[in-house]
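Heads up, the thing below is written out as structure tokens.
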Amino acid sequence: MLIFPLINDTSRKIIHIDMDAFFAAVEERDNPALKGKPVVIGKDPRETGGRGVVSTCNYEARKYGIHSAMSSKEAYERCPKAIFISGNYEKYRTVGDQIRRIFKRYTDVVEPMSIDEAYLDVTDNKLGIKSAVKIAKLIQHDIWKEVGLTCSAGVSYNKFLAKLASDFEKPHGLTLVLKEDALCFLAKLPIEKFHGVGKKSVEKLHDMGIYTGQDLLAVPEMTLIDHFGRFGFDLYRKARGISNSPVKSDRIRKSIGSERTYAKLLYQETDIKAEISKNAKRVVALLQDHKKLGKTIVLKVRYADFITLTKRVTLPELTRDAAQIEQVAESIFDTLPEHTVGIRLLGVTMTNLEDKMADIALDLS
């Protein structure tokens, strides 16, 4: 007997677009001399004393086992000939905006998950095209022709399957998962490939002898619920290709922030407050981009000994005024206990966000 009802909406047409090695691909596009060479987006460990992490890398670098979140030091050890590039977020954001405008030609129901991936619901699209595969191919063509980059696309009747499909054939792949093929497609996948199943859950599933979608399909609903609570029911549905989560074109952001890690530790108050100011102005630019105002300002400070302090102040009214955010963030810093070691990381974040297009003066100078 099922504890929760199983409702499977297979009427939708969902596309998941995932840009191929996005940051690295932009750098290769802008500097053709990089093509065919291992490119890592991250600080060169030879210049930082071994500090820093890999943001992303191109497919040539991945041949050496380099991946996102790996330490730059390990990436260099794996591939000493790798070319390290610090990266240019403003440039990547501009390209990301260009790609999103392409999406909007086909549908307004677009849910960006990050700067380089998004879900699109094309069930009722602007051009009246019945085939989601055709739309995915048109988007791939438009992005290549206009932006000079490749992307991978997954097409299915829900977000879960579309996401898995986009990762199935990279780079520049297109995979369709029909409702009649979903169980077979999932059965062959390692459980760690299931989107939304984290590392700890994977370890627990392995302990239960569950390694593939086929293994998961064989486990009774109550067994999964006993081990994982309500998430067990989610696993039960995933094994059957069921996910009715809508594509949310108005996806709510809970916070907007900017933080930076420093290769050279910060000691002087003037330097520290100058960096707080930079982060505050970056937050204001992001608030403006997303048409948001915020009420709570959060300052994050991490010291060289990795002690991290976070403190917040909630304002009486919503704002996105750079001078106010900067002043509050600096005043928060002044209240922190003295620390004898340098600062490794500083971050400013705005939470309690609301949509409000009031005429607010933006001081970005």
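Note: Cβ is positioned from N, Cα and C throughout, glycine not excepted.
Over in Swiss-Prot, the protein carries these features:
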type     : residues      : note
DOMAIN   : 14-198        : domain 'UmuC'
BINDING  : Asp18, Asp116 : Mg(2+) binding site
SITE     : Phe23         : site 'Substrate discrimination'
ACT_SITE : Glu117        : active site
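Taking the features listed in Swiss-Prot, we show where each one sits on the structure.
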{"residue": "Asp18", "record": "Mg(2+) binding site", "DSSP (3 states)": "strand"}
{"residue": "Phe23", "record": "site 'Substrate discrimination'", "DSSP (3 states)": "helix"}
{"residue": "Asp116", "record": "Mg(2+) binding site", "DSSP (3 states)": "coil"}
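Rounded to the nearest whole angstrom, the C-alpha distance between Asp18 (Mg(2+) binding site) and the residue listed as 'active site' is 4. In this model, the domain 'UmuC' (14-198) carries an average pLDDT of 94. Listed in sequence order, Ile41, Ser55, Thr56, Gly87, Tyr92, Asp116 are the same-chain residues six or more apart from Phe23 (site 'Substrate discrimination') with CB atoms under 8 A from its CB. Least packed by the Cβ count within 10 Å, out of the recorded positions Asp18, Asp116, Glu117, is Glu117.
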